[in-house]
Ligand SMILES: [Zn+2]
C-alpha cells in the first residue's frame, strides 16, 4: 500500500475566491496548496473588463501578502504562498465586445472567459440567456485568439428537472456550439454526469497548434459523493452545490474519467466559500468549501479506483493536464502527501461570527499534505 505521493505542485482550474474580507479569509488555503488557480469572476458586480480583472488580481496578491504578514504562517509556508499566481477570467455578458476579447487575449493576465447561463448559480444574474444568439461575434473573436470559454453547463429552463439540466445542456448548447465554432476552445466546468464525460471523452480534437479543443474540470465532491449525501439522515446543506450531486452511475463515470489518464480531464475544486448561516437557512446557498482539504480528497477518490499506486495518473489529473490545456509550464517543485490522518475542523473563521463549515467538517481524512514547495 502506497504511503507517500510526490507530484509536481498542482493547480486549481476552477476556484471562487470572492473579494474583500472574504478573500482575505480564504486565499491562504489555496495559495498553500495550489501554485496557480483559475479565479472565477462572479463577484458583485462581475469582472467583465480586462481593467477589472487586473485590479482584482492586484487585490488577490495584496490579500496573500497580508496573510503572509499576519504571523500565522511559517517562513516556508510564506515562501510557498508568495509563489501563488491567480489566473484571471472575464465574465461573459450580452454586452461583452469582440474588442474586449482581443484586449484580454493580449493582456497576459486574462486566461479565459466564463459563461454563466443567466440564473444558473451564485451571482449569475448578469449571465447570458441565449449564448449562440447573443454572443456570436464574441465567440468568433475567442476562436480567433484561442481564448478558452469556460462553461457552467446547465440549462436554466425551470421545466427541466434539476438533475437533468447538465445532460440537457450537452444536447441543446454544447453540441451546436461545437458545430458553429469548431475551433473554439472550451472547458466544460465541474462536470457531474456520464453524458458530460462521454461528450468530452469523444471530442479529443486539437487545433492547428496541437492544443485540445475541449476539456473538463471535476470537483472532489462530485468524485466522492452521489446525491444521497444531500439527504443522509436529514437535509445536509453543506453537500448542496451546483451542479447538484448526481446518481452513483454518474459518480462512477467521473471517477473513471479522472483516473483515465486522458488529457481532457483535470482538477478544478469549485471551492466556494459561503458563511455558515447562509448555508444553513430556509433558502441556503449552493457551494462547497473544499480548498484546504481538496488534495487529500482527490487522493482518496483515486485510491477508490485503485489508481494511486502509480502516482503518475494522479499527477496527470492534478498537475499536468491543466497546464497543457492552458499552454502553461508545469510547476517546478514537489508537492507531497503522506498516509497520515488529517482532521477537518468543524468550523473555520470567516467574515461573520458564524464562520465557514468546510466540506466534510469533523471528519478525518486518510492523507495529509506534508510538503508544499
Ligand atoms: Zn464555480
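Placed from the backbone N, Cα and C atoms, the Cβ positions cover glycine too.
All TrEMBL annotations are machine predictions without curation.
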* Asked: So TrEMBL lists 16, 17, 18, 42, 152, 242, 274 for substrate; which of 31, 53, 253, 286 goes with them?
  -> 286
* Site-mate of 14, 16, 270 for Zn(2+) 1 in TrEMBL, selected among 114, 175 -> 114
* Structure fact -> For residue 14 (Zn(2+) 1 binding site), the nonlocal same-chain Cβ neighbours (under 8 Å, six or more residues apart) come out as 38, 40, 150, 189, 190, 217, 219, 268, 269, 270
* Structure fact -> CA-CA within 10 A of residue 16 (Zn(2+) 1 binding site), subset of binding-site residues 42, 152, 286 in residue order, equals 42
* Asked: For residue 42 (substrate binding site), what residues in its own chain, 6 or more apart in sequence, show a Cβ-Cβ distance under 8 Å?
  -> 16, 91, 114, 116, 121, 122, 123, 124
* Asked: Of the recorded positions 17, 114, 270, which ones put their CB under 6 Å from ligand 1?
  -> 270
